Amino acid sequence: MTDIERRLVAIASAARIEPATVLPRFRLFLDVLAADPTAPTTVTAPAAAVEAHIADSCDGLALDVVRDARAVADIGAGAGFPGLVLAACLPDAQVALVESVGKKCEFMGRLIAATGLSNALPVHARAEAWPAGIGAHDVVTARALAPLTALVEYAAPLLRDGGHLVAWKGARDATEDADGAAAAAATGLELVEVRAVPPRPGADQRHLHVFRKIAPTPERYPRREGMARKRPITAS
């Protein structure tokens with residue numbers, strides 16, 4: 001067993017996933033990232049990608065709301081993380097990989113084909129312009145996509161009542177946190193937890209921000225494309 005494979009086993013075990021069920025796909029994720037020059041991420045070397053993509057994605061499995069989800073939308077999915085890792089670990093969940101850039105969707109399609117995942121599907125759309133996704137998801141995930149206020153506005157319409165947004169973020173920022181809370185109040189969500197992620201190489205200030213949908217999202221959301229970032233909901 002290689003050092004990379006030993007690290008993958010440790011990641012799966014820490015996430016309470018049987019390593020034998022996911023190791024082949026995790027290894028293929030890393031192989032395709034390293035071999036495909038069109039991979040839409042700057043982190044492609046296996047030793048770095050195992051931390052930045054596999055371990056970081058598996059952090060979400062510490063949350064029961066993620067483990068119990070049956071319909072997940074990973075918005076701004078990019079190269080497919082965390083969505084593809086969650087699909088590999090949660091075979092009973094259907095994972096929509098929502099991405100506005102067609103070439104990124106094509107790359108995710110190649111990863112899906114290489115790994116044989118049957119429960120993940122790229123969706124070529126912007127999160128705020130995807131009517132088929134409205135009210136259809138137990139969990140919406142987002143990583144390295146946008147400030148919290150925009151993530152909340154994107155996610156709220158896609159969630160079922162009682163569903164959760166899980167946002168992967170770095171170091172805490174008081175202004176961003178306050179703006180995220182303001183957006184949550186406007187869209188029918190509430191913050192229920194900010195969980196610090198145990199540090200590892202290259203990631204010593206990671207947090208999972210968890211919001212729950214407690215009320216219907218007003219019909220004016222989502223606003224038209226781009227407005228969540230151009231005119232964000234703020235606390236001031």
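Placed from the backbone N, Cα and C atoms, the Cβ positions cover glycine too.
The S-adenosyl-L-methionine binding site annotation in TrEMBL covers Gly76, Phe81, Ala127, Glu128, Arg143. According to DSSP, Ala127 (S-adenosyl-L-methionine binding site) sits within a helical segment. The Cβ of Ala127 (S-adenosyl-L-methionine binding site) lies under 8 Å from the Cβ of Ala73, Ile75, Gly76, Val98, Gly133, Tyr154, Ala155, Leu158, Pro222, each of which sits 6+ residues away along the same chain.
Arg143 (S-adenosyl-L-methionine binding site): 23 other CB atoms within 10 A of its CB, across all protein chains. Comparing the binding-site residues Gly76, Phe81 by how many other C-beta atoms lie within 10 angstroms of each C-beta, the top residue is Phe81.
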